[in-house]
């Protein structure tokens, strides 16, 4: 009878420092897992399991929404819907890329970097998809056909390059300068978010000032912004696990909540955009020419190729990246000191074996590939 052995789970002191997560003390997978072990680990409780499923399942929800809309909207023959098509495709892409990144990031240090490079690229392209949808359907009435409207999507395409490049680069100083790495990565995603939402912010402000009619689209955008703010807060704060390291290792840590808020925000954003697509169609088509192939699929294709090239460039630079080689740190970060302290309090005292005072020593997992027995 064929027996499948689930991969073994490790504590923080048993994996290289590049795999550490703030406040997460256990639930780590073998740092050199096979692809099969990575897939199997998604069916057992690790500190990545909920991360995987909170984006894998929503991927199929968005695919289902896309298929349903495809049956009622003519994406091929109606150029008016082309920006919506691009947005929907990228909405399906980013949670799938995130789920794959969390699934296969424990195959090696190099694989971990590459997985998250692709994750960052997908998020950058999603931000471009938002710009396509906002530029086509959400722009305030008095901005339509203006200068900002004309250059809105091309600038967003350039922003996607900045976002991918800056976020990929942020992985290089991750061990030596973790705070700088976090600031760079946060800025890489906050910047395109703020730019993409300029039309939305202004439309909401004008609506409040002029006491315009409140419709489903405006309510949906408000919910989207609320969940977007929660997403950013959770990403930057690492709460609640920072307050109680070890207690939210498997369920309830910030990255899981971050995923859930991001998906909910995207859901409300999609519903609001669909309301604008229907309710503003006649008004917009009377004032704007039909979208063309160069400005829609041409721009999206060039942005995709550019982001792939950026990811390829950073991938080729990985051998020179700090953390591409597994070695114990010489000076622990503040997060590392907290992890050592909590590790000792949770029964790991004596396992660190520091080579210098206050320095944790990496204890490699057993050489049996991380399998039980």
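Backbone N, Cα and C atoms are what each Cβ position is placed from, and that goes for glycine too.
Keep in mind it's a predicted model, so treat the numbers as computed, not measured.
The Zn(2+) binding site feature in TrEMBL is assigned to 102, 255, 259. The Cβ of residue 259 (Zn(2+) binding site) has 23 neighbouring Cβ atoms from other residues within 10 Å, across all protein chains displayed.
TrEMBL lists 362-373 with the feature compositional bias 'Pro residues'.
What TrEMBL records for 353-373 is region 'Disordered'.
The annotation transmembrane segment is assigned in TrEMBL to 50-68 (among others).
Per TrEMBL, transmembrane segment is recorded for 80-97 (among others).
Positions annotated as transmembrane segment by TrEMBL: 117-137 (among others). Note on the transmembrane segment (117-137): residues 80, 83-84, 86-91, 93-94, 96-98, 100-101, 149, 152-153, 156-157, 159-161, 163-164, 167-168, 171, 188-189, 192-193, 195-197, 199-200, 269, 273, 276-277, 280, 284, 291, 296, 300, 303-304, 307-308, 310-311, 314-315 of its chain, located 6 or more positions outside it, place their CB under 8 angstroms from a CB of the stretch.
Residues or ranges marked as transmembrane segment in TrEMBL: 189-211 (among others).
Per TrEMBL, transmembrane segment is recorded for 217-237 (among others).
The binding-site residues under consideration are 102, 255. Their Cβ neighbour counts within 10 Å are lowest for 255.
A Cβ within 8 Å of the Cβ centre of 102, 255, 259, the residues given for Zn(2+), is found for these other residues of the same chain: 48, 50, 51, 52, 54, 55, 98, 256, 258.
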